[in-house]
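Working notes, structure below.
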Amino acid sequence: MSHAIAPMRTFSSVLSRTPARQCQRFISTARTARPTVPRLQAQPQQPLAQRRTYKTVEEAKSKYRSGPFSWKAGLLFVLTGAGLLWYFEHEKQRMQRKRIADAAKGVGRPKVGGPFELIDHNGNPMTEKDLKGRYSLVYFGFSHCPDICPEELDKMAAMFEKVEAERPDALKPVFVTCDPARDTPPVLKEYLAEFHPKFIGLTGTYDQIKAMCKAYRVYFSTPSKVEPGQDYLVDHSIYFYLMDPEGDFVEALGRQHSPDQAAKVILDHMKDWQGKWRKD
């Protein structure tokens, strides 16, 4: 029995070894028989764009450093942006001034200003028509005022000088008394000469002054019972009323405005004015 099994083991081992050898032989044959593919020669690439030529090395470096933008283009961009910013800010301020001026002329709003008949510090009659053709700055006070009126008239003189330096004869400074009983034309002339020679003083009867104060929405109050020669104070509003060349109210300047600020407001309104000016 053992002799019969041995030949079978030998035969099976032969069969198991034969396919492996054949496979190895086939693989080796396939490797050696692989056809070789000839290499293609690389074609020279064509330049995408014509190269720039520079005369000097410095020129090449400067061109390389500058890139697509130059300092001139940057400066132009900055100047253009600054110009646009100034323009829009200027237009914004102009439209704001226009709204302030138009607000006093709106329908349903009380009108500030109007006709009047008074006497100036030289004794000559004067009406609202004499103020037309120029801007006018109107202040209400009285000559016996101990502190507020002198301070405000000094301020009025300062702002008038600043406006006069840039726009000669374009503004009339007017002082209207709220105390006509004591502020006669000679008193006003002497009093206003201490502040500025071009100040115009206006006075009249009590009813005339009261009517003008009412037209300008100015509050004033005098004591009801005053003995002759007795000193007294007059309570009144503290504003400068800016009127345009047509006699329309533009803006009220208060104590919060410095002379420089007030002068700038007046000059800005003058620049916006598109109407006629008086030549005389």
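Glycine is no exception: its Cβ is also placed from the backbone N, Cα and C atoms.
Keep in mind that TrEMBL annotations are predicted by a computer and have not been checked by a curator.
Because the structure is a prediction, the values reported are computed rather than measured.
Copied from TrEMBL, the annotated features are:
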TRANSMEM  69-88  transmembrane segment
BINDING   C145, C149, H236  Cu cation binding site
DISULFID  C145-C149  disulfide bond
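For the binding-site residues shown (C145, C149), fewest C-beta neighbours within 10 angstroms: C145.
The residues near the Cu cation site, meaning same-chain residues not in C145, C149, H236 whose C-beta sits within 8 angstroms of the mean position of the site's C-beta atoms, are F140, G141, F142, I148, E152, C178, V234, I238, in sequence order. Listed in sequence order, F140, G141, F142, C178, V218, Y219, F220, S221 are the same-chain residues six or more apart from H236 (Cu cation binding site) with CB atoms under 8 A from its CB.
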